[in-house]
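**Student:** This structure is in structure tokens; I'll ask about it shortly.
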Amino acid sequence: RMAAPPAHTAPGSRQQVQGGERRAQPATGESPARETRAPFRFDYERFRRSLRHPVRGRRAGEDPETRARRMKIKEMMKFAWDNYRQYALGKNELRPLTRNGHIGNMFGGLRGATVVDALDTLYIMELEEEFQEAKKWVEESFDLNVNGEASLFEVNIRYVGGLLAAYYLTGEEVFRRKALELGEKLLPAFNTPTGIPRGLRFRLWFPCTEGSLFSPCSGMSWSWGWASAGSSILAEFGTLHLEFLHLSQLSGNPVMNIRKVLNRVEKPQGLYPNFLSPVTGNWVQHHVSIGGLGDSFYEYLIKSWLMSDRKDSEAKRMYDDALEAIEKHLVKKSAGGLTYIAEWRGGILDHKMGHLACFSGGMIALGAEQAAEERKQHYLSLAAEITSTCHESYTRSDTKLGPEAFRFDAGSEAMATRLSERYYILRPEVVESYMYLWRLTHDPKYRQWGWEVVKALEKHCRVEAGFSGIRDVYTTTPTHDNMQQSFFLAETLKYLYLLFSEDDVLSLHDWVFNTEAHPLPVNHTDSK
């Protein structure tokens with residue numbers, strides 16, 4: 001979910017990290033004795049029996065208008081997929097205006113980001129033929145034998161998350177196998193003195209054959225050139241736990257734990273700054289944001305607790321403490337009565353809120369359900385107020401779509417005041433919060449707000465060969481950016497579809513969504 005980094009990395013920013021140590025060989029030259037154990041086998045059928053609800057729900061008793069709106073969103077998904085398949089299959093994303101594919105430089109030579117991101121959405125929407133097309137591409141064309149520089153964060157949330165979700169939803173072995181193989185290739189990024197992955201640009205190496213999953217192969221990792229002083233980014237290294245825990249469960253091997261470093265280091269005012277040194281484990285600078293650079297770290301704390309069937313008390317404590325500090329220092333109310341979350345730069349507040357931060361309404365609502373009774377309504381109200389502010393950022397634009405960032409200064413409220421912040425790239429965070437608030441309150445306004453987004457997408461973002469972002473939300477004749485982001489299929493359309501579905505479709509009792517909206521199952525420890 002983090003905002004895209006600048007296109008160029010500063011010269012000389014690479015820092016080579018030695019790979020994991022090889023086991024010492026006997027002096028005689030004899031082959032070392034090999035440990036033997038029975039192959040680990042994940043019991044998929046037992047997992048499916050542990051679910052409280054059918055994955056696709058029961059579709060009981062819904063009204064015709066809600067169904068018609070859901071079917072419209074399904075049609076949008078089919079349109080987006082069909083055009084990607086026709087013009088860009090195997091590339092990472094579709095360029096709908098020029099009708100060709102885009103590869104980009106985030107995925108280290110990996111291809112098919114839209115395929116993997118779309119798998120679970122196609123399945124949930126019962127687009128069976130399209131799902132089989134995507135599955136066939138993964139089986140026959142998804143090549144992990146690549147070398148290239150990748151973002152650990154993006155590869156993890158899109159590819160690993162998408163493959164894991166597809167496996168848990170379908171039981172198809174190809175998705176489990178690809179997820180574990182890719183997980184193995186990510187491990188060199190963790191070869192730092194603290195175990196905190198370095199800034200999170202690393203080289204995917206092939207082949208990777210030293211041992212089994214979580215026995216690191218050799219490789220290099222280095223910081224993004226624009227990241228402060230070779231530091232690691234909170235939203236990146238803090239957004240790994242859900243996926244790596246499931247890789248651990250599917251492989252039978254232990255998972256890394258980044259939290260011990262974060263527990264040790266002192267937090268200024270109880271807040272988590274966005275940049276941490278992977279060498280010393282100390283903060284590099286005191287910039288705090290619930291939007292880009294910080295966002296999904298907080299999301300993964302509450303979701304780690306929920307995914308553990310409420311057993312991971314460490315994650316819950318860290319979330320509660322962080323939310324208390326955020327509310328004390330960052331939550332503000334504008335002169336016009338809008339509640340927002342400011343950014344914090346060494347004690348000085350920047351009164352802006354990014355579109356990326358609009359996920360926080362849904363996160364706070366999700367956490368409110370688990371809060372002590374006297375705090376539950378308080379947090380639900382806070383979540384509703386923040387979500388309402390994000391809705392205002394949409395309604396105050398000419399297109400009824402929200403800008404990349406909006407401010408509360410110089411007499412302006414919930415509007416972008418800089419030309420560089422007026423664009424919309426099909427982002428999901430606002431409709432994500434609508435979905436959570438709908439499920440937790442059933443207030444009909446959230447469905448109405450979601451339908452307004454559907455109409456705006458159709459009017460301003462739908463083009464002849466797919467969907468495109470727009471460069472200025474404040475004009476009714478916007479210029480398109482010629483990019484159908486993979487997260488539009490993974491997140492935006494999925495959250496809209498779930499907003500108009502019954503609560504038992506991907507029930508929150510059974511599933512948590514990673515930060516790319518890929519559903520990962522709750523570990524029901526009391527299942528028979």
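Here the Cβ of each residue, glycine as well, is placed from N, Cα and C on the backbone.
Nobody curates TrEMBL annotations by hand; they come from automatic prediction.
The structure displayed is predicted, hence computed values, not measured ones.
Okay, these came from TrEMBL:
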type: REGION; residues: 1-41; note: region 'Disordered'
type: ACT_SITE; residues: E154; note: active site, proton donor
type: ACT_SITE; residues: D295; note: active site
type: DISULFID; residues: C358-C390; note: disulfide bond
type: ACT_SITE; residues: E404; note: active site, proton donor
type: ACT_SITE; residues: E429; note: active site
type: BINDING; residues: T515; note: Ca(2+) binding site
**Student:** Return only the integer: C-alpha distance in Å from D295 (active site) to C358 (disulfide bond).
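**Tutor:** Between the Cα atoms of D295 (active site) and C358 (disulfide bond), the distance comes to 9 Å.
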**Student:** List nothing but the one residue from C358, C390 whose Cβ has the fewest other Cβ atoms within 10 Å; the candidates are the disulfide-bonded residues.
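**Tutor:** Looking at the disulfide-bonded residues C358, C390, the Cβ with the fewest others within 10 Å is that of C390.
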**Student:** Tell me the Cβ neighbour count for T515 (Ca(2+) binding site), meaning other Cβ atoms within 10 Å of its Cβ, over all protein chains shown.
**Tutor:** 27
**Student:** When the Cα-Cα distance from C358 (disulfide bond) is computed for each of the recorded positions E154, E404, E429, T515, which gives the smallest value?
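**Tutor:** If we rank E154, E404, E429, T515 by Cα distance to C358 (disulfide bond), first place goes to E429.
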**Student:** In sequence order, which same-chain residues at least six apart have a C-beta under 8 angstroms from E404 (active site, proton donor)?
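**Tutor:** In sequence order, the residues whose Cβ lies under 8 Å from that of E404 (active site, proton donor) (at least 6 apart) are G354, H355, A416, E421, R422, Y423, Y424, I425, R427.
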**Student:** Cβ atoms within 10 Å, counted per site: which of E154, D295, E429 has the most, among these active-site residues?
**Tutor:** D295
**Student:** Specify the nearest of the recorded positions E154, E429, T515 to C390 (disulfide bond), where nearness means the distance between Cα atoms.
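**Tutor:** So, spelling it out, the nearest of the recorded positions is E429.
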**Student:** Cα-Cα, whole number of Å: the residue listed as 'Ca(2+) binding site' versus E154 (active site, proton donor)?
**Tutor:** 10
**Student:** What's the CA to CA span in angstrom from E429 (active site) over to E154 (active site, proton donor)?
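**Tutor:** Pair distance, Cα basis, whole Å: 17 Å.
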